[in-house]
Structure formats: structure tokens, C-alpha cells
Amino acid sequence: TSCIRMYAFKRKPDTSLHMSSNGASATIDPFTAQKVATSSETVSERPTSISIQLVVMIVVWYVSAVVTITSTKEVMNRMQLPFLLCLSQFAFASILSFVYLHFTSSLKPVPTPARSIVLQIAISYTLGFVLTNIAFSLGTASSVETIKAGEPLTTVLLGLLLLKESYSSSTYLSLLPICGGVALACYNNDSFHVWSFALAMASNFCFSARSVYTKVLNASNISGFDEVNLFYAISWRGLVFLLPVTLLMEGRTMLEIVFG
């Protein structure tokens with residue numbers, strides 16, 4: 001899902017099709033909402049083949065997101081090993097993106113000026129995945145994804161606090177239906193789980209921090225480092241972070257499962 005998402009960004013860099021990394025809900029990223037409005041004429045003038053390819057990629061993105069949600073919940077129902085699941089996801093993402101970059105001869109190292117910010121992106125991205133998978137292990141898939149639909153709210157909040165961004169009144173008004181929808185979904189819900197809600201909201205902040213740090217990286221105008229290389233860089237860094245943590249937190253359980 002994330003690989004397709006990054007490729008969609010690469011095909012249409014002026015539009016931020018902001019999707020929860022483990023979810024199927026998509027919204028316009030507040031950071032680039034104004035850019036989308038002002039660049040509509042430029043987008044409409046692009047070749048039809050690119051537009052069709054983008055639509056196909058978005059459809060595949062949504063379908064793969066649905067598969068990710070249902071399979072994640074199924075795995076969590078069978079065995080409570082959220083760190084191992086994250087490790088598997090990051091390993092697959094690292095291998096797949098490396099193979100793509102290798103065969104397209106576009107693999108590039110992280111530029112020295114960008115290493116610090118890429119590390120921050122990787123940490124927030126990894127924590128977001130871990131918290132999301134733990135939330136799935138505690139609550140239902142529908143409730144977790146409903147809560148994660150509130151990610152635009154946390155993105156705007158972090159933008160205000162960290163980047164001192166200002167938004168139009170229409171942007172703030174567009175967040176009200178999201179807040180209301182999340183509140184209604186959680187109200188008087190028999191499947192509501194406090195810790196699942198808290199962890200899903202915490203993952204929203206992590207993924208929003210990823211968006212903020214990515215905006216900072218893009219603003220630095222570092223040339224020769226595209227979105228797919230960024231995805232590969234944060235994936236293998238996340239894999240390195242997760243390996244010792246997974247062995248520490250779930251190593252004994254994994255040994256018990258393997259050896260009975």
C-alpha cells in the first residue's frame with residue numbers, strides 16, 4: 001500500500017492524496033490544499049495517459065489498503081504479535097522498494113544535509129505503524145480506521161505548533177465533519193476500547209509528524225532525492241529500529257510458537 005502511495009505521489013507531485021498508512025480513507029493534505037487549487041489548470045493540461053495511470057494507481061492503492069486492514073486484524077486475532085507484524089511489513093517494504101530502485105537504476109543515497117530529517121521521518125513513521133497495529137489488536141478494524149480518519153486534524157494541529165502554518169477558515173470548517181464523524185462513531189459503541197482509541201490517536205500524531213517532517217524536507221529543495229528513494233530510506237531505517245525491539249518484546253513468544 002505504501003509503495004503504491006509513494007508512486008502516486010511521484011506521478012502527481014502537486015496533489016497530496018493523504019491516506020492513512022494502514023487505512024483506506026483519503027483526504028486532501030491541508031499543507032497543499034491551496035497548491036491543488038492554484039495548479040488545477042496545469043494538471044488538466046497533462047497528458048491523458050498520466051491521468052489514467054494515476055487513477056489506476058489510486059484504485060489499486062484503495063484495494064490494497066482494504067486488504068491490509070482486514071489481514072492486519074486477522075493476524076492480530078490469531079496471534080498478538082504487533083511488533084513482529086510491523087517488522088514483516090517493513091522488511092517487505094524495504095525489499096520491494098530496493099528491487100524497484102535497483103532495476104530502474106535510480107537508487108540513491110540520502111544526501112548528507114537530509115540525513116537528520118529523514119531519520120525523524122523514519123522514527124515517526126515507524127512509531128505510527130507500531131501504534132496502529134497495537135490498536136488493531138485491541139479494537140475492531142472499523143473503529144480503529146474511523147479514529148484514524150481524524151489524521152487531518154492532527155496534521156493541522158502539528159502544522160500550527162511546529163511550522164507556525166496558517167490556514168483558511170474553509171480548511172478549519174472542513175475538519176468539523178471529521179471530528180463529528182469520529183465522535184459519533186465512538187459514542188455508545190459497544191466495540192469501543194479506550195486504549196485502542198488512545199493508540200490510534202497517538203498513531204495519527206506520528207503519521208502527521210511524518211507529514212510535517214516531509215514538508216520540511218521538501219522545502220529544503222534537496223535535489224536528486226525523490227519520493228521512492230525516501231520511502232526506501234525510511235523503510236530500512238524502520239526495519240533496523242524494529243528488529244531489536246521485536247526480539248526484546250516478542251522474542252520469547254515467537255520461540256514458544258516455533259518450538260511449541
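The backbone N, Cα and C atoms fix where each Cβ goes, and this holds for glycine too.
Bear in mind that TrEMBL entries carry predicted annotations, made automatically and left uncurated.
Database features (TrEMBL):
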- 53-253: domain 'Sugar phosphate transporter' (DOMAIN)
- 50-69: transmembrane segment (TRANSMEM)
- 81-105: transmembrane segment (TRANSMEM)
- 117-139: transmembrane segment (TRANSMEM)
- 194-210: transmembrane segment (TRANSMEM)
- 230-249: transmembrane segment (TRANSMEM)
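The transmembrane segment (81-105) makes contact with the transmembrane segment (230-249), as judged by at least three Cβ pairs under 8 Å among residues 6 or more apart in sequence. Comparing 50-69, 117-139, 230-249 for CB pairs under 8 angstroms to the transmembrane segment (194-210), the maximum falls on 117-139.
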